[in-house]
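Novice: Take a look at what TrEMBL says about it:
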type	residues	note
ACT_SITE	GLU157	active site, proton acceptor 1
ACT_SITE	HIS283	active site, proton donor 2
BINDING	HIS156, HIS160, GLU184	Zn(2+) 2 binding site
BINDING	HIS156, HIS160, GLU184	Zn(2+) 1 binding site
BINDING	ARG292	chloride binding site
CARBOHYD	ASN111	N-linked glycosylation site
Amino acid sequence: MLCGRKCRLFTRSLWEEVSPLYKKLHALVRKKLKEMYPGKIPADGTIPAHLLGNMWAQSWGNIYNNVSQGSILDVTPEMKKQNWDVKRMFTTSEDFFKSLGLDPMTEIFWNKSMVTKPSDRKVVCHASAWDFATPHDFRIKMCTDVNMEDLFTVHHEMGHIVYFMQYFDQHPLFREGANEGFHEAIGDLMSLSVSTPSHLKMLGLLKNDSIDAVDFQLLTALEKVAFLPFGYLLDKWRWALFTGETPMDQMNRKFWEYRIKYQGVSPPVKRSEKDFDPGAKYHVPANVPYLRYFVSFIIQFQFHEHLCKESGELDSGKKLHECDIYGKEKAGQILRKGLSLGSSKVWQDVFEIMAGTRQMSASSIKKYFEPLEKWLDDQVQGETIGWDNAKVEDYMESGSEVLHTSMFLVLSLVSTVMFAWRALQP
């Protein structure tokens, strides 16, 4: 995503809106990890990145069991007990979109999508949705397992397919999201409804009301809120490199400076310019812009709030985090109107249809997590909020060799060559 000065100032303002919530979540997780690992958490307030359940510490859902207050939201055992299979996961997702009055998946989709890992060849299992630019040919590639996480992922990927289908009648130049954040936002938008305890209960996967609202919101926050600083800082690091603000012999130092400053995480061992840690993130050597994900995690909540309001889901006193748009054809009409435009209109016009406003804002994500934030305020009393004393110097080796200045370009070239080679394989 290209981002000029105004864009950078605006994204910074978005981050500043959500950072207080992130810091409270960080304080809770740090408190729980201190209890698990006495004396192992740095005194400067940062969390060692390798304790957060994800290689980049961008998603903390894998430590949910360690920080929840008791009731665990996980319907995987029930799915297996009921003998759910991959086909049922996909038909359940299709039913969600059909309930909104949107089109079902095409025959080609069902015949040619790869939804399980093949046994006769190696494949890239990372879930993705594909538009083959020919009538009715849209597919998902995914090595699906029968579990709750993949159930949500199926809905996410099918959200991309629905977007492809809606704007297919546009000129080929306009067959894309209104801006780079829209596609990811639409995929995640569906998961905000599907993951609610009420929807899981409707599917017969949650047998009682024992799931506390706070635990449900906590799981969502460990995925959605925990991601925000990483989504913001990765392209900020790239911009500083491209403009020359960051010297080529300080690339790794600047990366960890930003990770400490924005994420409040620290490396488990000292780093140097012999390391190139950002290169471990696929999007860096592959030259894929990353700000789109930060934007999508903000605007999906704006879309969610608008659809919930317009479909009457909030009229009965429901909170935003309780909203489920399943069966709400009014929500489907709004989606169809906005998605069918592709990029044929300026993104603000499409955004107004989808969000009821022309302005991106963090107000909806903050409203969604209001109950959790109140709970966090109680839980982190007496804890230091933030990590103001953390310094990157404490985590960098002094006098180390520098990474060769061409490594960044080499990694990009290698990635391009590998992609081309794979594309040429029969």
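Just so it is clear, glycine is given a Cβ too, placed from its N, Cα and C backbone atoms.
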Novice: Around ARG292 (chloride binding site), which of the listed recorded positions (ASN111, HIS156, GLU184, HIS283) come within 10 Å, judging by Cα atoms?
Specialist: GLU184
Novice: Between the recorded positions HIS156, HIS160, HIS283, ARG292, where is the Cβ count within 10 Å the lowest?
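Specialist: Among the recorded positions HIS156, HIS160, HIS283, ARG292, the sparsest Cβ neighbourhood within 10 Å belongs to HIS283.
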Novice: Through the lens of DSSP with three states only, how would you label HIS283 (active site, proton donor 2)?
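Specialist: Note: HIS283 (active site, proton donor 2) is coil by DSSP, not helix or strand.
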Novice: Neighbourhood of the Zn(2+) 1 site (HIS156, HIS160, GLU184): other residues with Cβ within 8 Å of the Cβ centroid, in order?
Specialist: ALA129, GLU157, GLY159, HIS183, ALA185, ILE186, GLY187, ASP188
Novice: Judged by the number of other CB atoms within 10 angstroms, which among ASN111, GLU157, GLU184 is the least packed of the recorded positions?
Specialist: ASN111
Novice: Roughly how many Å separate the Cα of HIS156 (Zn(2+) 2 binding site) from that of HIS283 (active site, proton donor 2), to the nearest whole number?
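Specialist: Cα-Cα, rounded: 20 Å.
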Novice: Express the distance between the Cα positions of the residue listed as 'N-linked glycosylation site' and GLU157 (active site, proton acceptor 1) as a whole number of Å.
Specialist: 17
Novice: Where does ASN111 (N-linked glycosylation site) sit in the DSSP three-state scheme?
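Specialist: Reduced to three states, the DSSP call for ASN111 (N-linked glycosylation site) is helix.
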Novice: Just to verify a number: CA distance, GLU184 (Zn(2+) 2 binding site) to the residue listed as 'active site, proton acceptor 1', in angstrom, no decimals.
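Specialist: Rounded to the nearest whole number, the Cα-Cα distance is 9 Å.
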